[in-house]
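Undergrad: Below you'll find the structure I mean.
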Amino acid sequence: MKIYAVGGAIRDALLGLPVRDRDYVVVGATPEQMAAQRFRPVGKDFPVFLHPDTHEEYALARTERKTAAGYHGFQFYYAPDVTLEQDLVRRDLTINAMAREVSPDGALVGPVVDPFGGQADLRAKLFRHVGDAFVEDPVRILRVARFAARFAEFAVAPDTAALMRAMVDAGEVDALVPERVWQELARGLMEAKPSRMFAVLRECGALARILPEIDALFGVPQRADYHPEVDTGVHVMMVIDHAAKQGYSLPVRFAALTHDLGKATTPADVLPRHIGHEGRSVDLLKPLCERLRVPNECRDLALVVAREHGNLHRVMEMGAAALVRLLERADALRKPARFAEALQASEADARGRLGLETKPYPQAERLRQALVAARAVDAGAIAQGLAGEPAKIKDAVHRARVRAVAQAVGVAD
């Protein structure tokens, strides 16, 4: 029995990067032998075990065969006679198909096992598929795109790009389950340059299948005086990259991605203006979130940003009453943390424009000041003072907030 570290751990070590993931393959062992060494079985489809001390995952070397379309259509074979190379050949990219032996004390020993040229592709900065089995799992298209967001200087090898396009044309992407699509998109959004993920998906045709709402934004013009980059799709990519550069959360990055969906449905005769695109964005965003089963915290923030980002940009022109109405519509008084994220997304929107990446965004500070003032109003005391007139409470609280905001930010009420 031999144990090997495989995949990302070897790749990242060769690149001089911190090792994020540690995956292990065990060659020449049976499930019974693993259990005898106190490894705990956890795999459903094939034998995966947790180490008794570190709780890291160890999988028996296996081969796999495609039996049906989509992500789940595989049959696995595992036995002591499955070799390391047979296990590595089923992996997606050459840079992920390398291994090193692990000694009994956990140290990596011996040379890098690299049967498919992964080290050469690392040096060439190429994503290249290992073999013909790549076409058997459509998730690999999403994984390549996600790796492009992490390793932004890497390119997809021409033969791999052609294979990905063929898979999309064959309908393989259409068989993906929504949860897995969201999982890969979310991970890609959290990488250093998420725009690269969408570029790779667009180049192979997958973006039009899994996120047609985003694909439709490319080529849609905007007013050049507001958006020097002109193309709406380019703008959205700049926005998500700015959000990534700032280290913003996944909900903020998803809101940044989806804030302008409605611009794709602007009537051609009014372009490049996009009057009312905020409402159309909301109408497109709701079914998108339902289709991909987007988590509530991502969906709810994205809806606020899609609906209100135009108003957030215009707050320097607003009086106190309009500011308070905006805070109330965005539910900022009850959910200040979410509103803070909405400000991050709107700031990314403002700075995700060609040549305006560092432009000041005083709107955020004004809204923060307004929210502090509005939340300081003692609604309970006002309600107590109007105990016999409950119909007047809501309006009285609103007027008190308007006065507080007017004083705090120095604008007329």
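Every residue number used here counts from 1 along the chain in the order it is shown.
Note that Cβ sites are derived from N, Cα and C of the backbone, with glycine treated the same way.
Predicted, not measured: the structure shown is a model, and the values here were computed from it.
Per Swiss-Prot, the features are:
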BINDING   Gly8, Arg11, Arg91, Arg143, Arg146  ATP binding site
BINDING   Gly8, Arg11, Arg91, Arg143, Arg146  CTP binding site
BINDING   Asp21, Asp23  Mg(2+) binding site
DOMAIN    232-333  domain 'HD'
Undergrad: With an 8 Å cut-off on Cβ-Cβ distance and a minimum sequence separation of at least 6, pull the same-chain contacts of Gly8 (ATP binding site), or say none.
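TA: Non-local contacts for Gly8 (ATP binding site): Val19, Arg20, Asp21, Asp23, Asn96.
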Undergrad: Could you give the maximum C-alpha to C-alpha distance in Å for the residues Gly8, Arg11, Arg91, Arg143, Arg146 that bind CTP per the record?
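TA: Between the outermost Cα atoms of Gly8, Arg11, Arg91, Arg143, Arg146, the distance is 16 Å.
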Undergrad: What are the non-local neighbours of Arg11 (ATP binding site), defined as same-chain residues 6+ apart in sequence with CB under 8 A from its CB?
TA: Ile95, Asn96, Met98, Gly118, Leu122
Undergrad: Starting from each candidate's C-beta and looking 10 angstroms out, tell me which of the binding-site residues Asp21, Asp23 has the most other C-beta atoms.
TA: Asp23
Undergrad: Per DSSP, what is the helix/strand/coil residue tally across the domain 'HD' (232-333)?
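TA: Going by DSSP assignments, the domain 'HD' (232-333) contains 78 helix, 0 strand, 24 coil.
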Undergrad: Only counting partners 6 or more residues apart, tell me which same-chain residues put their Cβ under 8 Å from the Cβ of Arg146 (ATP binding site).
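TA: Counting only residues 6 or more apart in sequence, the Cβ neighbours of Arg146 (ATP binding site) under 8 Å are Glu184, Arg187, Gly188, Glu191, Met197.
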Undergrad: Which residues of the same chain, at least 6 positions away in sequence, have a Cβ lying under 8 Å from the Cβ of Arg143 (ATP binding site)?
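TA: In sequence order, Asp92, Leu93, Glu184 meet the Cβ cut-off.
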